[in-house]
Amino acid sequence: MTDKKYIIALDQGTTSSRAVLLDHDANIVEIAQREFTQIYPQAGWVEHNPMEIWATQSSTLNEVVAKAGITADQIAAIGITNQRETTIVWEKETGKPIYNAIVWQCRRTTEITDKLKADGHEDYIRQTTGLVVDPYFSGTKIKWILDNVEGAREQAERGELLFGTVDTWLVWKLTQGRAHVTDYTNASRTMLFNIHTLQWDDNMLAILGIPRAMLPEVRNSSEIYGQTNIGGKGGVRIPVAGMAGDQQAALYGHLCVNAGQAKNTYGTGCFMLMHTGDNAVQSQNGLLTTIACNAKGEPAYALEGSIFMGGASIQWLRDELKIVHDSYDSEYFATRVPDCNGVYVVPAFTGLGAPYWDPYARGAIFGLSRGANRNHIVRATLESIAYQTRDVLEAMQSDSGQTLQALRVDGGATENNFLMQFQADILATKVERPKVKEVTALGAAYLAGLATGFWKDLSELRDKASIEKTFVPDGDEAKRTRRYKGWKKAVKRALEWEKEEE
């Protein structure tokens with residue numbers, strides 16, 4: 001039966017490009033994945049080669065079709081999700097990038113952000129874009145390229161250069177330069193976008209000296225942006241029809257489309273997003289206000305908090321302390337003891353993110369006594385991930401006035417049943433782990449499938465989305481309060497560790 005149709009999600013991540021093929025029941029049929037080079041020209045700088053991003057992404061697209069043994073005319077649509085903030089500038093005529101992609105992790109624009117703060121722009125940026133002033137976001141990266149690549153500024157003034165985040169670059173390449181577009185979620189990460197008027201902000205463009213002609217058109221996350229030919233000229237034309245930044249795509253993949261719904265992605269770091277509906281909540285607790293999708297893939301709002309050390313703290317146990325062989329061991333050691341024996345690990349190896357925002361905090365282990373052993377330290381490290389998640393969730397609930405009914409989870413560390421149960425206990429909230437683990441790709445596929453009528457609406461998808469396991473919190477309120485109080489005490493002592501004392 002060859003009339004069976006599929007959706008492909010292109011998931012362009014920080015270390016690899018993937019293509020995920022889904023059928024009409026939202027099951028994953030096939031995955032193709034290719035890694036690409038991380039370029040570190042100097043300390044704190046991170047780049048990717050945009051042509052290599054395209055080469056790996058386009059080859060996984062062809063590969064996933066070949067592996068599944070289907071033909072191109074069986075593909076109903078392509079959706080895209082991408083590493084956010086990463087910045088590419090290329091020539092309109094030739095399609096040639098004028099510099100490597102500057103990756104979201106890259107800190108080279110710290111001097112530019114320091115100057116923005118010194119010039120008093122912080123409040124305006126927070127109110128207008130919903131973001132904090134940080135090298136993380138695209139705006140200062142574009143300015144750096146225009147200031148540092150020979151002739152770039154002049155070319156930009158003449159309208160010869162285009163800017164895009166990775167989604168924009170992929171659509172431009174897929175449509176052979178016919179579409180220069182981005183979606184609201186990706187635009188909201190540039191520090192150039194007014195999240196209230198949903199327009200590029202002329203004032204921010206003036207502050208950073210970026211010509212408006214470089215910028216892509218901003219569209220909904222679920223609509224047809226253009227067609228791509230699979231198999232070269234004369235090949236089958238397939239609509240490119242859905243697009244969202246990775247964290248927003250994951251939120252959508254969890255079907256969190258209403259105010260008060262939230263998800264946490266447990267990767268190297270953790271990203272927590274809470275949907276706030278039509279309300280752009282200004283955080284009083286150092287969270288970001290960002291654009292997410294409503295049920296139809298149109299712009300809505302979310303609060304976002306990031307935790308720097310999630311799974312990375314387990315890697316530290318494995319690679320530096322060498323007390324576990326692999327991250328799967330951590331659950332085994334943690335469950336050999338009934339509790340942490342008073343031990344707390346604060347994994348502030350690179351400072352602390354939301355809601356503390358203290359770059360001077362450093363990692364520490366507190367509460368050690370003679371009876372403390374390897375199991376206690378492993379368990380305390382796992383627990384630190386759950387405590388940090390509670391820190392962010394409390395900030396979100398206080399900002400939004402919403403109380404969470406259940407937390408949806410995804411990412412590598414969610415396989416750890418001990419961590420998920422402890423997370424539920426410490427939040428006093430149900431934790432729901434979905435059956436399909438690739439929720440980011442799922443989100444991009446849903447957006448593309450809804451735009452092309454492959455699925456008629458979100459309620460059809462709700463019937464297909466199944467929760468593999470729900471972790472229910474234990475009722476011990478006194479224990480929960482006591483443990484969390486201990487965590488707060490430990491964090492307090494780790495703050496400002498690196499600050500020079502007078």
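Heads up, the Cβ atoms here are built off N, Cα and C, so glycines get one too.
From a predicted model like this one, the values you see are computed outputs, not experimental measurements.
Quick look at what Swiss-Prot annotates:
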BINDING   Thr14, Arg18, Thr268, Gly311, Gly412, Asn416  ADP binding site
BINDING   Thr14, Thr15, Ser16, Thr268, Gly311, Gln315, Gly412  ATP binding site
BINDING   Thr14, Arg84, Glu85, Tyr136, Asp246  sn-glycerol 3-phosphate binding site
BINDING   Arg84, Glu85, Tyr136, Asp246, Gln247  glycerol binding site
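Non-local neighbourhood of Asn416 (ADP binding site): Ser327, Ser330, Glu331, Leu382, each in the same chain, at least six residues away, with C-beta under 8 Å from its C-beta. Take the Cα of Thr15 (ATP binding site) and measure to each of the binding-site residues Glu85, Tyr136, Gln247, Thr268: the nearest one is Thr268. When the Cα positions of Thr14, Thr15, Ser16, Thr268, Gly311, Gln315, Gly412 are compared pair by pair, the longest gap among these ATP-binding residues is 19 Å. On a Cα basis, Thr268 (ADP binding site) lies 9 Å away from Gln315 (ATP binding site).
Annotated pair Gly311 (ADP binding site) and Tyr136 (sn-glycerol 3-phosphate binding site), C-alpha to C-alpha distance, rounded: 20 Å. Within 10 Å (C-alpha to C-alpha) of Gln247 (glycerol binding site) lie the following binding-site residues from Ser16, Arg84, Thr268: Arg84.
With Asp246 (sn-glycerol 3-phosphate binding site) as the anchor, the candidate binding-site residues are Thr14, Ser16, Arg18, Thr268, Gly412, and the one with the nearest CA is Thr14. Every protein chain considered, the tally of other Cβ atoms within 10 Å of the Cβ of Gly412 (ADP binding site) stands at 15. Separation of the C-alpha atoms of Arg18 (ADP binding site) and Glu85 (sn-glycerol 3-phosphate binding site): 19 Å, rounded to the nearest whole number. Each of the binding-site residues Gln247, Thr268 was ranked by the number of other C-beta atoms within 10 Å, and first place falls to Gln247. Cβ environment of Tyr136 (sn-glycerol 3-phosphate binding site): Glu85, Trp104 lie under 8 Å away, each six or more residues apart in the same chain. Taking Cβ-Cβ distances under 8 Å and a sequence gap of 6 or more within the same chain, the neighbours of Arg84 (sn-glycerol 3-phosphate binding site) are Trp104, Thr165, Thr185, Asn186, Arg189, Gly245, Asp246, Gln247. Taking only the Cα positions, the spacing between Thr268 (ADP binding site) and Ser16 (ATP binding site) is 14 angstrom. A sphere of 10 angstroms centred on the C-beta of Glu85 (sn-glycerol 3-phosphate binding site) encloses 25 other C-beta atoms.
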